Protein chains: 4
Amino acid sequence: MGNTFGHLFRITTYGESHGGGVGVVIDGCPPLVEISEAEIQVELDRRRPGQSKITTPRKETDTCEILSGVFEGKTTGTPISILVRNKDARSQDYSEMVQTYRPSHADATYDAKYGIRNWQGGGRSSARETIGRVAAGAIAKKILHIVNHVEVIGYVKKIQDIEATVDPDAVTMEQVESNIVRCPDLTCADRMIDRIEAIGREGDSIGGVVECVVRNVPKGLGVPVFDRLEADIAKGVMSLPATKGFEIGSGFAGTLMTGSEHNDEFYTDEDGEIRTRTNRSGGTQGGISNGENIIIRVAFKPTATIRKEQNTVTQDGEETTLAAKGRHDPCVLPRAVPMVEAMVALVLCDHLLRYYGQCKVV
Amino acid sequence: MGNTFGHLFRITTYGESHGGGVGVVIDGCPPLVEISEAEIQVELDRRRPGQSKITTPRKETDTCEILSGVFEGKTTGTPISILVRNKDARSQDYSEMVQTYRPSHADATYDAKYGIRNWQGGGRSSARETIGRVAAGAIAKKILHIVNHVEVIGYVKKIQDIEATVDPDAVTMEQVESNIVRCPDLTCADRMIDRIEAIGREGDSIGGVVECVVRNVPKGLGVPVFDRLEADIAKGVMSLPATKGFEIGSGFAGTLMTGSEHNDEFYTDEDGEIRTRTNRSGGTQGGISNGENIIIRVAFKPTATIRKEQNTVTQDGEETTLAAKGRHDPCVLPRAVPMVEAMVALVLCDHLLRYYGQCKVV
Amino acid sequence: MGNTFGHLFRITTYGESHGGGVGVVIDGCPPLVEISEAEIQVELDRRRPGQSKITTPRKETDTCEILSGVFEGKTTGTPISILVRNKDARSQDYSEMVQTYRPSHADATYDAKYGIRNWQGGGRSSARETIGRVAAGAIAKKILHIVNHVEVIGYVKKIQDIEATVDPDAVTMEQVESNIVRCPDLTCADRMIDRIEAIGREGDSIGGVVECVVRNVPKGLGVPVFDRLEADIAKGVMSLPATKGFEIGSGFAGTLMTGSEHNDEFYTDEDGEIRTRTNRSGGTQGGISNGENIIIRVAFKPTATIRKEQNTVTQDGEETTLAAKGRHDPCVLPRAVPMVEAMVALVLCDHLLRYYGQCKVV
Amino acid sequence: MGNTFGHLFRITTYGESHGGGVGVVIDGCPPLVEISEAEIQVELDRRRPGQSKITTPRKETDTCEILSGVFEGKTTGTPISILVRNKDARSQDYSEMVQTYRPSHADATYDAKYGIRNWQGGGRSSARETIGRVAAGAIAKKILHIVNHVEVIGYVKKIQDIEATVDPDAVTMEQVESNIVRCPDLTCADRMIDRIEAIGREGDSIGGVVECVVRNVPKGLGVPVFDRLEADIAKGVMSLPATKGFEIGSGFAGTLMTGSEHNDEFYTDEDGEIRTRTNRSGGTQGGISNGENIIIRVAFKPTATIRKEQNTVTQDGEETTLAAKGRHDPCVLPRAVPMVEAMVALVLCDHLLRYYGQCKVV
């Protein structure tokens, strides 16, 4: 195990960068959900390489095929298998990586653990593995939307030190998708794009922060004490490649405040609903959603594979240098946005089913 | 489910702040590990209230009893049940909390989810719940020590804006335990203690950051793609009460660097071991331990329960104010150190068993 | 792991025959279920030794204590911990078993697996371990009753070759409990009691078959393809000590029929409900409950521990003989009835929650 | 969930009778196991329809493709995805089943549970679903063979009342495969084949019993108290379509013996190994393998789908009759043999990994 995520809405992914294909099996999906390959493709296209001048120029169309679990356009409650064939296998680009370990990449640890490694394009540790997550996330989003008009919206909050100003309560998917870096603050977006292009030209890379908001969350999701909603979300996003940190609500900045400043005071709104005036909690209290917007942030390190020459060793421990060829993203953030959304949506959908049951939720 | 953590080294906790007691069942513990109640008690005493002038003055001795799974001083491979009876139940301190929701506490969300709540002392959402985790963590630490002399050392890195200087490669448990705030930087420790005392006198609270280092980690722990070591650690620590953020290695600060600055270059040491010169990765690459020290940080918010008056509502939605009575920690950090260590140790021990099997590891 | 059963209504048991005690933690219990120690005790008393002249004369009152998860007489949705202290520890009765392996008992395999064994009274492999199951089963039964008036009724169907005539559609708990062997066919019951007493006098033992019926089962429980209702029930009952076989509906006898004889024809009853005229399926089709009564049977072997002398070996492999002292059941069947009921109830309750969710079922 | 089986060696199956295909993802497979599509195909060919005159004449070649997890002929420790495309879709044969429920089939219960059903060819409840199990079982068998020369051999023990004489300690795969009914008792085999042909001509069906032996089992597999080896095997085989009963060792017949007759006396063999003289236990004691051969039996009911006319109802509850068209097996037993072997092998492989760890077993 290790490639399955979730308890009731449960996904299992498979596949390496090269080989037959990558995909996902979704087990526990509620029946009677209308879903099409086209809807899933929309999310995959947000993730795929070659979508803009600031992503890797590799051309992968990543066309998905639903193999099972959908009948006459509706889910049947049985496992949904989605396959994306691999293409465009320029595995010669990776030939130097057969022997040489890329710094801060998973080559050495896979060898240490398994004693074998599919060295083509990073194998299982390639970001290509996230295709299955994003495909499953598309279905999770659909279910969340049907049940309570739940919206999951991610965006680039920071590229290096360039920080966007975004109102998580108001941001729209249209704003996110209005530019290639997926930053709804358009002034910042331009600066981010310039920065990424510049660093790419140098053969180097940069990282940043994705923020993700979930709106219209039903109260009561999350199961103490270990399956707190934020704990499951933390696990989900920290299982994405290149992540180094996670925050919910006030996050690390909240540690600078006093309790009287940080606490979210309760009030009763015009509909008689108990609400909080502020949202430093980030949408959960005691690990259970409180109906306020869930707001999380994820730190992504600069892409490990760079064209600049670095010191490293071979599989046999001999010291050497490496300047990666291939076609790599100078910054993963724009493509990471749908990945973060997917993981957040999967966690919420799983907890929705734990609360309402598989067959009674939709 | 929700109260079970881990796959092969698996703990299930139970218990509320008031009632018969709190405890843990540890399933999957390797056989033939020497363990005593006294060893577990050492860790529980680091966690218990009333241990110093900067923690709550509640007197809870938290004496543990091993009910099963240990025979003639050794584990038998069967479930280990550890019970700590509840005492000192001044539940009248909480009488106002029957009706009134404490801001940023779990009262309202438990009511929303379950329609019922043990309102005495926070019930299941009380930090008292962590006793079972710390007791199990004591055994996990012991196993880690036996297998590879693995050390898990946590300490207070920051209280509000007071940041300690600590060398994670060299810090010792003795240094951590040399002062009541558990900060190995003694100059900082004094300032932290003063700050906590001052805020406590005001009836307010503060938060901070716990850092935890794991040394002598075997290579190869962690299972991609979802059960990456850092993902499981993130889930573990984010399931602790009052946590708002998690980092591994460079964390959020790593997003400011370029790839060429951030990457950890490989070299071969005098023993022929492949190592990295820097450790911005924080001990894992691709979700698998690389043999370098694991370094993580956890943000704890200021304690939610404060004596200062705050606006809130009752269960029925009527607006009111609350100034908590009871005896609360002005800062959870000193007592959070063993909790973080426990969760980190539990994850590592679980992955150790996934790598080596339950019965062959010790 | 290995001591946890169920997915959403999930129990973890612990404890050996001797030592602090045995118990169970129930995780995922729906909130707001009224439950008392007295109700649980009723089931424990049906299981306990010394209840009649045909069970072991060991006196164990098996008094249970609820440690958590119940507040003011109602479940809170948090883990319910139930503890039964061990008493009457005549461990000297087992002194010969320190070295000598009882034939067809678990002494040798526990040693082979774990390299250590709590040899007092069978340790973890003692039937005493089932206390936790029966206690949890009492709560599962209560929930099933509340949700749909579901009844789970077990009884002794066969002792050796003495086979009772019982109508599973009509049998009542009163009939089962009207005699000490728990067989509702009173003529057979007398013969069974005589047989058990006779074999006990010889220092030997016998086995038999427990049948269990579940009535008023909601349609739709069970999750193909692996978590079919009958597969989960099979696992549950085959995890009881001394079981050798499992059947649902027609069972092995069904293999003698043709399809046209065996198939259950459908009809529509006066309420417009689709029903089957016969019930060779035993209440499930395709692994999902069809609303008909679930009928299963479990084979229990003769008690392994007997007073008659047998050939065996010591821990070191030296050949020897053993004539067990201690006080053992000549036949486990009467006490096995509540164990089978408990496992069946636990599986049904788990699937109820998978269908309806934890918090929405009651 | 419901479509995942196993803990460390874990399979997830998907797919319906019609649609894109059926398949399996195997997670947790040890690395460095040599495996080819051809080896898997051997087992699939034992399962496929149209293999002889006593199986359905449907032509399905069931050609498998490994999509991931195998690199240069060896497993890599990452998920192995195996796909078999669907072909030969004569879905018009099933057109009457859109509305009409086949007696003792899963049509009605799927509708009751999910409110929707892929009615083509039985959809998910088709025996075609077992392709993924058998493919995964082929790999499990290979691992078992590598680790300890473990052999898993199933065969037809009974067809209706025709019972074969087979020595489980000596039977070979060659004997099993020497005839189309997979019964190593050749005299019986002929009678069984005649019986199946005769019943098929009548448009009716029959059932029987598959026996399966596992030889060279390492001691120590199985985890009390719930994940006993026989409990996990019971769940595995009872999750196969058309199963009605399970036995291990003496099974139901063992209930007729006394303890002194039934117990397996220990002795020490010439190699100093502790063994049992008889094997009524069937290879496990206390849920843990004792090194003797594991022997289990599974009852399969007569095929539900028959050409003879039966009374039934439509989806709307209207009474009607049904005489199935299509091409169905008059007896599933010959094709069930590899299915039983697969489930048994999967359980053993899972417990092997729980004992030795994923990466250290091979």
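Cβ atoms here come from the backbone N, Cα and C positions, even for glycine.
The NADP(+) binding site annotation in TrEMBL covers A:Arg47, A:Lys53. Within the same chain, the residues at least 6 positions away from A:Arg47 (NADP(+) binding site) whose Cβ sits under 8 Å from its Cβ are A:Asp62, A:Thr130, A:Ile131, A:Val134, A:Arg335, A:Pro338, A:Met339, listed in sequence order.
Here TrEMBL flags A:Arg124, A:Ser125, A:Ser126, A:Gly286, A:Lys301, A:Pro302, A:Thr303, A:Ala304, A:Thr305, A:Arg327 as FMN binding site. Taken residue by residue with DSSP, A:Thr305 (FMN binding site) is part of neither helix nor strand, so it is coil. Neighbour list (A:Thr305 (FMN binding site), Cβ cut-off 8 Å, at least 6 residues apart, same chain): A:Arg102, A:His105, A:Ser205, A:Ala324, A:Gly326, A:His328.
Site extent for FMN: the farthest pair of Cα atoms among A:Arg124, A:Ser125, A:Ser126, A:Gly286, A:Lys301, A:Pro302, A:Thr303, A:Ala304, A:Thr305, A:Arg327 sits 45 Å apart. Looking only at the binding-site residues A:Arg124, A:Ser126, A:Thr303, the one with its C-alpha closest to A:Lys53 (NADP(+) binding site) is A:Thr303. Just so you know, the Cβ of A:Thr303 (FMN binding site) picks up 29 other Cβ atoms within 10 Å once every protein chain is counted.
Contacts of A:Ser126 (FMN binding site) defined by a Cβ separation under 8 A and a same-chain sequence distance of 6+ are given as A:Glu16, A:Ser17, in order along the sequence.
Of the listed binding-site residues, namely A:Lys53, A:Arg124, A:Lys301, the sparsest CB environment within 10 A is found at A:Lys53. Contact annotation for chain B: of the listed binding-site residues (A:Arg47, A:Lys53, A:Ser126, A:Thr303), A:Thr303 place their CB atoms under 8 A from a CB atom of that chain. When secondary structure is read from DSSP and collapsed to three states, A:Arg47 (NADP(+) binding site) falls in the helix class. Listed binding-site residues A:Arg47, A:Lys53, A:Arg124, A:Ser126, A:Lys301, A:Thr305 compared with chain D at a CB cut-off under 8 A give A:Arg124 as the close ones.
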